[in-house]
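**Q** Below is a structure I'd like to ask you about.
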């Protein structure tokens, strides 16, 4: 007999924070708020510096500005609400608000990955084909790249949201997490969420996974070219630029993939570790990016 789902269909979700660490949440909130402030100020400075200085309106700095803007948005979608939970305890979120947050978390995460790929391509052309740099990376191309990565995020994430809408929530409305994300919501459903899980996994591998492979390829080609440079000074300069990028990319993808796979397959990993990791992969890159890029990029460092 088909159960009547409509009688107890939940209209809101209760976000409880980090399971098992409720007593420590006030302490966890200290480094988290500090990182959030650092991320907003650091990325804000990068945006302000590039926007003010016309001589910095070059591909590398424009991509850097895109990354900084994306980082501010990514943090702001999750951290304020998270801090509210840490300070005031479990927080109710309407179904619509939860889905909106889920949409922006995943969409901004995908666009972050796409911007890192665009930056890797920019460095690849600058180092491996410097003569074609000005003709290839024009202002109009950068505009198109910006639009394409926003479009990709929207197109990939919307089916995920629509797949959530077909689920019935009659068992529980408690999400043991600090923000709403795809599998966190799907796992509460009374009907099967296999499709949600398959779509999430496939979408992630075909977007972020593919980005990661293409980034690795471009840096492999860059390093091959760098090793062939005649002067030690030139080698050092190229390494300096790429070193910073590789640091950020490693931090971003390592945290993301680790979080992603432990969530699905790490059944022995403690719940609080999973949730802390899921917060860190959205908070560490935005905090680190302006430091790594700002400090490593002489033009930005001087102007700041």
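Cβ atoms here come from the backbone N, Cα and C positions, even for glycine.
Pasting the relevant annotations from TrEMBL:
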- 24-50: transmembrane segment (TRANSMEM)
- 42-293: domain 'G-protein coupled receptors family 1 profile' (DOMAIN)
- 62-87: transmembrane segment (TRANSMEM)
- 99-121: transmembrane segment (TRANSMEM)
- 141-165: transmembrane segment (TRANSMEM)
- 198-222: transmembrane segment (TRANSMEM)
- 242-261: transmembrane segment (TRANSMEM)
- 273-295: transmembrane segment (TRANSMEM)
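Tell me about the surroundings of these features in the structure.
**A** Outside the transmembrane segment (24-50), and at least 6 residues removed from its termini, the chain residues within Cβ reach (under 8 Å) are 17-18, 56-57, 61-62, 64-65, 68-69, 71-72, 75-76, 79-80, 82-83, 85-87, 276, 279, 283-284, 286-287, 289-291, 293-294, 300, 303-304.
Confidence annotation: the domain 'G-protein coupled receptors family 1 profile' (42-293) carries a mean pLDDT of 88 in the model.
Beyond its flanks by at least six residues, the transmembrane segment (141-165) meets 59, 62-63, 66, 99, 102-103, 106-108, 110-111, 114-115, 118, 182, 185-186, 195-196, 199-200, 203, 207 of its own chain at Cβ-Cβ distances under 8 Å.
Through the fold, the transmembrane segment (198-222) approaches residues 109-110, 113-114, 116-117, 120-121, 123-124, 127-128, 152, 156-157, 159-160, 163, 182-183, 238, 242, 245-246, 249, 253, 256-257, 260, 264 of its own chain, all at least 6 residues removed from its boundaries and within a Cβ separation under 8 Å.
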**Q** Would you kindly list the residues that approach the transmembrane segment (99-121) from elsewhere in its chain, counting only those six or more residues past its ends and only Cβ-Cβ distances under 8 Å?
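**A** 60, 63-64, 66-67, 70-71, 73-74, 77-78, 81, 93, 145, 148-150, 152-154, 156-158, 160-161, 164-165, 179-182, 185, 207-208, 211-212, 214-215, 218-219, 245, 248-249, 252, 256, 282, 285.
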